[in-house]
Amino acid sequence: MATNYIFVTGGVVSSLGKGIAAASLASILEARGLDVTIMKLDPYINVDPGTMSPTQHGEVFVTQDGAETDLDLGHYERFIRTKMTKANNFTSGKIYSEVLRKERRGDYLGATIQVIPHITNEIKARVIEGGKGHDVAIVEVGGTVGDIESLPFLEALRQLAVDVGREKTLFMHLTLVPYIPTAGEVKTKPTQHSVKELLSIGIQPDVLICRSDRMIPANERAKIALFCNVPERAVISLKDVDSIYRIPALLKSQGLDDFVCDRFRLTCKEADLSEWEQVLYQQANPTGEVTIGMVGKYVELPDAYKSVNEALKHAGLKNRLTVNVKYIDSQDVETKGVEVLQGVDAILVPGGFGYRGVEGKIRTAQYARENKIPYLGICLGMQIALIEYARNVAGLTQANSSEFDKHCPQPVVGLITEWQDESGNVETRSDESDLGGTMRLGAQQCHLIEGTKAREVYGTETIVERHRHRYEVNNTLLPQIEAAGLKVSGLSADRKLVEIIEVPNHPWFIAAQFHPEFTSTPRDGHPLFEGFVKAAKEHQGKNA
């Protein structure tokens, strides 16, 4: 069957939740037995978000094949079973880079390179390639209609609708329908103007998703349908909800999936959303709560740790617990002391880059170790735990990472210069390598040592987890640290790189070089986070 395309755009304001809406629709279509994928087209000029500040852009989500992508791809994977790849996210920067590379190579035979047709053709080619082999490909365009940066993408999608046929494409537009308290009613004019903006570039939306803080009355939906030239059944009300996992049922109740299937003439079963009903039941019926102290350097923007936050919630569902996250700036630990860590049931130190706040994280790891508080370290959080143990237990008092001190006399963590990827290829890097796209990225196999807490938590000998880092444990100094009691519980497939460490005489102290949060989902959870949240509850019980 040829691929059907749903193009998702946003209007009026940004941050309306296009990614969540797209993922929710995808989950309903998947529940109807369709093979669905989702793509995100980002208009910014960066080649990828890998070198962007987390406090500006939010987290960088890493796919199985090692793409550094927009955090929306994390939402996609949490809502549907399809795994994202490099084909599921591309930016203006990536498109322009490829077109310029082809021009230098002579592919265009001396033609004058222009936005139309060269840039738009490259966008279309990537969308078609990303949708191959799927029944439905949902394509989300970042930004807001009217932004100059989005124009090449919108023009490419307009052309693509003509190329593949309007019967195989559907334009879904998210808009804001604000409620004005003084008038006591919702206002549809912003939506009308947003659709007018789309029409000016040749796109007639087929479905309107109207975001508001309440359900939009039938008479207002009829008004929107009339003025925006869409069927009344295609005007969908999407109100604010207390859980994003309610949205699939909310969209289904208004017949959005039926409209899509009718449009594409797809014959498929009714959607079974029982898995999502189970998620919502677990969420609504907790038997207790725990507080996790997350000690990081980007805590002013929780989206910088989006997948970690979601993984903690998923672990809460599996343990029937509400998980509260207390964000603690690691610099506050440096200036105010470990008192800021009091009152938490467990401590999590997530990934990060750069020296700022590192000493606060080291003091945090020491506090968790000495006070028997459950600790989960992720990426930098593992390196921090290693440095702390080396300094305070193994006698390597000048231990540090060469990331923070290039002339450190005891570099227990150093730049990784060579490793083997999942395909068996050897990757090499040096201090002179570019920052962008040069880390150890993507899914890697990890061997778990028998008799360790990590092996017990996962319940298997071999796991596959995703990486995003350029520094690793220095094997030269490792024997001295192990002799002091630290346990290596996970190794890379070739047994050369340390992937997991743990403190044996501790209720729950595990730190991993990889990012387990990227593979956690609300339906399946993740064993490492589930074990961590369970340990937090047990610690809470001991201190009650």
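Each position is counted from 1, following the chain as shown.
Just so it is clear, glycine is given a Cβ too, placed from its N, Cα and C backbone atoms.
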Residue in Lys40, Lys102, Lys223, Lys239 which Swiss-Prot records at the CTP site where Ser14, Asp147, Ile148, Glu149, Lys187, Thr188, Lys189, Pro190, Thr191, Gln192 also bind: Lys223
According to Swiss-Prot, which candidate in Asp70, Asp72, Asp163, Asp303 joins Ser15, Leu16, Gly17, Lys18, Gly19, Ile20, Lys239, Asp240, Val241 at the ATP site: Asp72
Of the candidates Gly352, Gly354, Gly357, Gly490, the one that Swiss-Prot places in the L-glutamine site of Leu380, Gly381, Met382, Gln383, Glu403, Arg470: Gly352
Maximal Cα-Cα distance (Å) across residues annotated as binding L-glutamine, namely Gly352, Leu380, Gly381, Met382, Gln383, Glu403, Arg470: 14
DSSP state at Glu403 (L-glutamine binding site), helix/strand/coil: coil
Cα separation, Met382 (L-glutamine binding site) to Glu517 (active site) (Å, whole number): 14
Mapped DSSP class for His515 (active site), helix or strand or coil: coil
Euclidean distance between Cα atoms of Glu403 (L-glutamine binding site) and Ser14 (CTP binding site), Å: 36
Pairwise C-alpha maximum, in angstrom, for the residues (Ser14, Asp147, Ile148, Glu149, Lys187, Thr188, Lys189, Pro190, Thr191, Gln192, Lys223) that bind CTP according to the record: 31
